[in-house]
């Protein structure tokens, strides 16, 4: 009708071929307030010629009105798109920007530096391959630099650029540069970054952003852009197990029942055996359906619809996985949390947990530890405040399938949703080390399918109930015995009443005391086969 | 450059590499192209929204982004039909070719198309020429949209907005929460890590869902080309009668456009990069009559796509304010 099946010009074909070969790099800028994150991105866009004339004209107009650069262009105004951001000269929420060079396509997330808006920084970091951690050369590493580095590490970013900005204000001092690099190296050693590249730059003046600076002859490394164009972020190769979180059951007619979702890892072909979790039922893939036709394979990153050979029960939230290497199934999750709400998180709090395409009610059974920001070491804690990072154990209303975050971002990451406001209040990562350790300690381990059940601390209300149920039985016996001995109803009742009150208190105190003592507790493990939720999995 | 490597979980960083070790570069054709990944992500978003919301609708504005969105919806639920209707908020000032295209597409695909026009605005004869673009947009688009969503009880609406279009859109989440008055609060956006979209909402609240958030104008054109997606002919250059006003080329689409004294419509070879209400949308001079021509023009463009849209410039931060008032 209106598509013009144009004569394919040679130029376009060549361009398309080159364009398709370009890889995509997602990166974020993070660091403290006023370290120059937005200015840096504005400068990158400007210098890589990704700005349109009307945008530059608008930028010059805005710079005169809101700018902090005395009339010359304030590049931060390019990304600070909200009125209150421009007013206050700060970044509140993450902004996404797009540009490309001849070698790569980039999606940049400019994230806020204010502690109050750290949750928005985490949103940008969760999908990034590379993090640019900005540091003001005059101020060095700050508390917020540490917090952001911890979150960057937590969310699994392995490539960091330590961008030491405002070098012009310290006269391009090599000593200052080395001092900051050494300090960062010292505290980040524990964070598991694979690659850290330190670059001295001035975002405001454009030194070492696109072109090398003549002002730092001692620096022989790449500019920021050339580093971003070449940094290798391909994950270590290796056949990852197939995972398809089921989003939608497609039933256009009684003869077609397909399971739609995005392949989060691995690949699948018709004829392959798969297992549906948490039910544990095994079946075979018969067809892979897409709008463009049937496919003979599907790989990670594709949205597909699978047809299975048996009439198995599969619904939204289930995971279809390779039969040989299925995910864990449990109603308990040990996880590291980034807590984002202003109210405190404490034991007994209840949430909705969303992982993959499934949502399940969850309760915090224990707050195990908090990560101290200065030392990055775990400390004892019983609650989390806003922007705290720490470890918790969650009990779910029923078993779900999941991987550890180290194995998969998609099936190992989750969010906690408040049950009243429905706000997203925490980002969680399933702790792989914990579940592996627990599974490994079990002699009954069966082809990696042992799930784990940690011993848990008893809650107060359980102790109260136990004390009462015990005393009711005991008191009936006491009253009966006293009546037999004294033949006096009033005396027997009085004896019984005194005993009920004193022993209730004593029993409760005794219970609470033992609830805190770990002596003699053993960790119970269970296999899929013994769990009614996952029968047939073993 | 100073760089150091550390083994996974290793405790101590290795010595600094004095040579300034450059990470190795891999240049190979990825299994999935950039467009493949964008497509898969958009389909994922649509399926999430449909699964998590009770009564979704797709805002269909007839433009190229809507055409791509519709195409993705057909793919996401294939072989079933998209499980939601299309809604067009008709200001009565759209290009005639747009309306013809809209009706033809809905008929061809057999989809339910709802068309809503603000009856109060219609009764008061609100229009961009008599009332100015701000009032026209507010009454005929923002208020009309709210009326339509409330009338049908939609709790989620898909839109084709992209983050590269405008600064406040660059800040918006994929699942964007609106309160009971359809207002967007940029300071209260929910964190949205990985692809975990939170579709829960309280009574009265609703969601705007933007599956094309991560697409750019160029991606849209490359995808239309790759998938052969039908679009309104106004995107292709042709001789059309235009008048020049405030630096914009306005198409004389019907007799409602009053000509200023001495103004004479001229036939010029023009096309549109973006489509809205015709008196508010500027054409660009162009000879790009095919998709490859358009892609080349997009690559060489020196002005942004929304340059030709009057409503974005009404006041500074105007898009953000409109969104807060309930505009898409």
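From the backbone N, Cα and C atoms, a Cβ is placed for every residue, glycine too.
Within the model, the domain 'Tr-type G' (A:22-236) carries an average pLDDT of 85. For A:22-236, the entry in TrEMBL reads domain 'Tr-type G'.
As annotated by TrEMBL, GTP binding site applies to A:31-38, A:110-114, A:165-168. Taking all protein chains in view, 27 other C-beta atoms sit within 10 angstroms of the C-beta of residue A:111 (GTP binding site). Following the DSSP three-state reduction, the secondary structure of residue A:111 (GTP binding site) is coil.
Secondary structure at residue A:167 (GTP binding site), taken from DSSP and collapsed to helix, strand or coil, is helix.
Residue A:31 (GTP binding site) counts 27 other C-beta atoms within 10 Å of its own C-beta, drawing on all protein chains shown.
Sorting the binding-site residues A:37, A:114 by the number of other Cβ atoms within 10 Å puts A:37 first. Residue A:31 (GTP binding site) falls within a strand segment according to DSSP. There are 18 other CB atoms within 10 A of the CB of residue A:34 (GTP binding site), with all protein chains counted.
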